[in-house]
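Enquirer: What follows is a structure written as structure tokens; I'll ask about it next.
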Amino acid sequence: MAGVLFANLPCSLQLSPKVPFRQSTNILIPFHKRSSFGFNAQHCVRSHLRLRWNCVGIHASAAETRPDQLPQEERFVSRLNADYHPAVWKDDFIDSLTSPNSHATSKSSVDETINKRIQTLVKEIQCMFQSMGDGETNPSAYDTAWVARIPSIDGSGAPQFPQTLQWILNNQLPDGSWGEECIFLAYDRVLNTLACLLTLKIWNKGDIQVQKGVEFVRKHMEEMKDEADNHRPSGFEVVFPAMLDEAKSLGLDLPYHLPFISQIHQKRQKKLQKIPLNVLHNHQTALLYSLEGLQDVVDWQEITNLQSRDGSFLSSPASTACVFMHTQNKRCLHFLNFVLSKFGDYVPCHYPLDLFERLWAVDTVERLGIDRYFKKEIKESLDYVYRYWDAERGVGWARCNPIPDVDDTAMGLRILRLHGYNVSSDVLENFRDEKGDFFCFAGQTQIGVTDNLNLYRCSQVCFPGEKIMEEAKTFTTNHLQNALAKNNAFDKWAVKKDLPGEVEYAIKYPWHRSMPRLEARSYIEQFGSNDVWLGKTVYKMLYVSNEKYLELAKLDFNMVQALHQKETQHIVSWWRESGFNDLTFTRQRPVEMYFSVAVSMFEPEFAACRIAYAKTSCLAVILDDLYDTHGSLDDLKLFSEAVRRWDISVLDSVRDNQLKVCFLGLYNTVNGFGKDGLKEQGRDVLGYLRKVWEGLLASYTKEAEWSAAKYVPTFNEYVENAKVSIALATVVLNSIFFTGELLPDYILQQVDLRSKFLHLVSLTGRLINDTKTYQAERNRGELVSSVQCYMRENPECTEEEALSHVYGIIDNALKELNWELANPASNAPLCVRRLLFNTARVMQLFYMYRDGFGISDKEMKDHVSRTLFDPVA
């Protein structure tokens, strides 16, 4: 199989040096003055068809003489009947889409307002990125209360940080609690409130606040037993019982004898019994985050050996404050002063959050489809993360964090890799236990959904030979599927608007099926601007969960969709004017063909690329159907010769006018590509494009010959031809010159038919197509597909085994495609690599369940509608 998987397609295609563009002289068809990509371009209107055909002795258009209107003896009988359903998207619907000229004045005013708002939001978000320091987050009443406990180091008996005590007095909520007002979780509110009560009681301040706080705790404490375990803050069972004991000693009137409280005390005792003191004092563990709950077992001098470089204990102000009160450690005080210099009169539940903030902000703008506005900011953020990337251990939420976690490490590995940074998946070995299972950090007792989701997403960008990525994919897939099946896709690290929806999308549409526009549409609906995370208390990431991202994403999606609708109208108009509506043998799918590129190369700057891609796709489908189901073998050979000579007169002897419609559509469109390609690239590309089309038709002819002879090739022989006939290379190479990048030959050869990259695109596309079409093709008499060829070559093999073999080839090739996309050494522009990679991905989407192109009135109809026609609210 190595020959199939790795051999490059032989090709002698070379671009001509810069020469004046010449029109073919075989027939006189002048170029139109407008670009072939303009919305008013008309390459093949009916009157022109008649005129041109008259020039070569043909007196009727395809619209005037259909094959079923020919005399009986001249009527052609199709070799095969594919029997596809008619067009899903009718012309009247496409024509009804808002015209760019309707209500021009009011529409212009609205567009101007929207564009101004978009520009404002972009500037505001750019400022957010540029102002990222150690992390923007909300106050933690719990941690602020612990810092407020610290007595003055001058021995005056006053608080060392009086502003924090004043913050507590000023920030009690109306219900008597302390905590994040935007969300109510009983565990979180009671914990925050109890911490503030203890501090006020210690300083004998705020009697009224204490009374209201006690009433709140008494009223809500028992609610904790009914709250989901995943809403319990980190370290709760360690710190809360210890604080209750302290509250009791201070005389706070609380329901200490509730059965639920006794259960929490028992959990604490069991946990403490499991903690070897030598581990606590000699190893970096998550216990450092909650030392205030372990005061009765900690050796305070020994524990300072585990202090982080910034003076904190696992970035926790509460834990650090507790250590300081026991040790007077100056580095602890330095850390607390540092945090308060940032926030003034309060502290967050952990700080810094610099790596977490940057990675999640980048991920957010990418998933929402607005990352193109922030290329500079993304580069700066990822350079920052890479500066602190630990290839051996991974990373945590902050640069100084001594305990890496799989959540931040997996997110960083995936994003850095896709942006061309050299990062190894070996780092994931740090997050496995003796059984091979993955954990978030050492000593973890629960498996979270978000950390598994990020590890799952990371595993999708696997390179060849990365066993650990495959194992991570298997592990996380099982965990996430189980969570969905049990209706338990909720997390102990985050409270999100629609985490189950995120998980469901990720499982249904993994990386190689998840197209950018579909992901953006889905994430716009799932994104919560008030999402919160759970540490020791609820906390917000203000530069991650931010309403500005969502507003920009919605405005931008609808703006881009409006552009796509205009381009859809152009493609459908071109289809009609070329006479393709009247072809009786082909699938009427111009909208789906446009969708296949708009769903990935969606940005406005790729308009010309999209138009070329969609037109080429349409032509390839027409010619595929022509060679598959309509033309006689003799006529098809004449058609191929006409294309080789670029001369319609070769078809003079052919009575079937539909072949001439096909030729003129191809001829005019590709000549238009040549004209515009000369402008884009500064040299003639028409000869190059013609060679590409010749190669495609040669593959179609071979398949027609096989069909006529009922010949079944070997598996390798089939694949070598079929990866050409799938036409993905043709589609890519007819649109690649319109990405806005100059492509000299030394670059072009890295992505054209001479490259492994395009070979893999074609291979995966052909094979996934076969897995969903071979049965229908077999039922209508076609003998050749990868599945059938493999079974014929291996007669002992079952159909399921043959399919498994084909899927195995696809899986390996997709991993190689990941490498071709992300290869740091590649000279090919990223947008060009994206074009190839997304062509492979859209095939995985189209053929996910069935032949989504032939049968486009089911899942694909919804995808097309959500991408092109339904605006986001």
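Think of each number as a place in line: the chain as shown, counted from 1.
Backbone N, Cα and C define each Cβ position, glycine as well.
What Swiss-Prot lists as transit peptide is 1-59. Positions annotated as substrate binding site by Swiss-Prot: LYS271, LYS492. Residues or ranges marked as Mg(2+) 4 binding site in Swiss-Prot: ASP405, ASP407. For 405-408, the entry in Swiss-Prot reads motif 'DXDD motif'. Per Swiss-Prot, Mg(2+) 1 binding site is recorded for ASP624, ASP628. Per Swiss-Prot, Mg(2+) 2 binding site is recorded for ASP624, ASP628, and the stated evidence type is similarity to another entry. Swiss-Prot lists 624-628 with the feature motif 'DDXXD motif'. Marked as Mg(2+) 3 binding site by Swiss-Prot: ASN769, THR773, GLU777.
Show me how these features fit into the structure around them.
Expert: Secondary structure at LYS492 (substrate binding site), as computed by DSSP, is coil.
According to DSSP, ASP405 (Mg(2+) 4 binding site) sits in a coil region rather than a helix or strand.
Within its own chain, the motif 'DXDD motif' (405-408) is flanked in space by residues 355-356, 359, 394-397, 428, 431, 438-441, 448, 450-451, 454-455, 493, which lie at least six positions past its ends and keep a Cβ under 8 Å from the stretch.
In the three-state DSSP classification, ASP624 (Mg(2+) 1 binding site) falls within a helix. Around ASP624 (Mg(2+) 1 binding site), the C-beta neighbours below 8 angstroms that are at least 6 residues distant in the chain are TYR700, SER725, ALA727.
Within the chain carrying the motif 'DDXXD motif' (624-628), a Cβ under 8 angstroms from the stretch's Cβ atoms is held by residues 80, 82, 585-587, 636, 639, 658-659, 662, 697, 700-701, 703-704, 725, 727, all 6 or more beyond its ends.
For GLU777 (Mg(2+) 3 binding site), the same-chain residues that are 6 or more apart in sequence and have a Cβ closer than 8 Å to its Cβ are SER785.
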Enquirer: LYS271 (substrate binding site) to ASP405 (Mg(2+) 4 binding site): how many Å between their Cα atoms?
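Expert: That comes out at 21 Å between the alpha carbons.
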Enquirer: Rounded to an integer, what is the Cα-Cα distance in Å between ASP407 (Mg(2+) 4 binding site) and LYS492 (substrate binding site)?
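Expert: Cα-Cα distance, ASP407 (Mg(2+) 4 binding site) to LYS492 (substrate binding site): 13 Å.
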Enquirer: Which residues of the same chain, at least 6 positions away in sequence, have a Cβ lying under 8 Å from the Cβ of THR773 (Mg(2+) 3 binding site)?
Expert: SER785, TYR847, ASP851, GLY854
Enquirer: What does DSSP assign GLU777 (Mg(2+) 3 binding site), in three states?
Expert: helix
Enquirer: How many other Cβ atoms are found within 10 Å of the Cβ atom of ASP407 (Mg(2+) 4 binding site), counting all protein chains shown?
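Expert: So the Cβ neighbour count for ASP407 (Mg(2+) 4 binding site) comes to 27.
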Enquirer: Check each residue in the chain of ASP405 (Mg(2+) 4 binding site) that is at least six apart in sequence and keep those whose C-beta is under 8 Å from its C-beta; list them in sequence order.
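Expert: Looking at Cβ-Cβ distances below 8 Å from ASP405 (Mg(2+) 4 binding site), excluding near sequence neighbours, one finds GLY394, GLY396, TRP397, PHE431, CYS440, PHE441, ASP451.
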Enquirer: Using all protein chains shown, find which of the binding-site residues LYS271, LYS492 scores highest when you count other CB atoms within 10 A of its CB.
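Expert: Per the Cβ count, the most surrounded site is LYS492.
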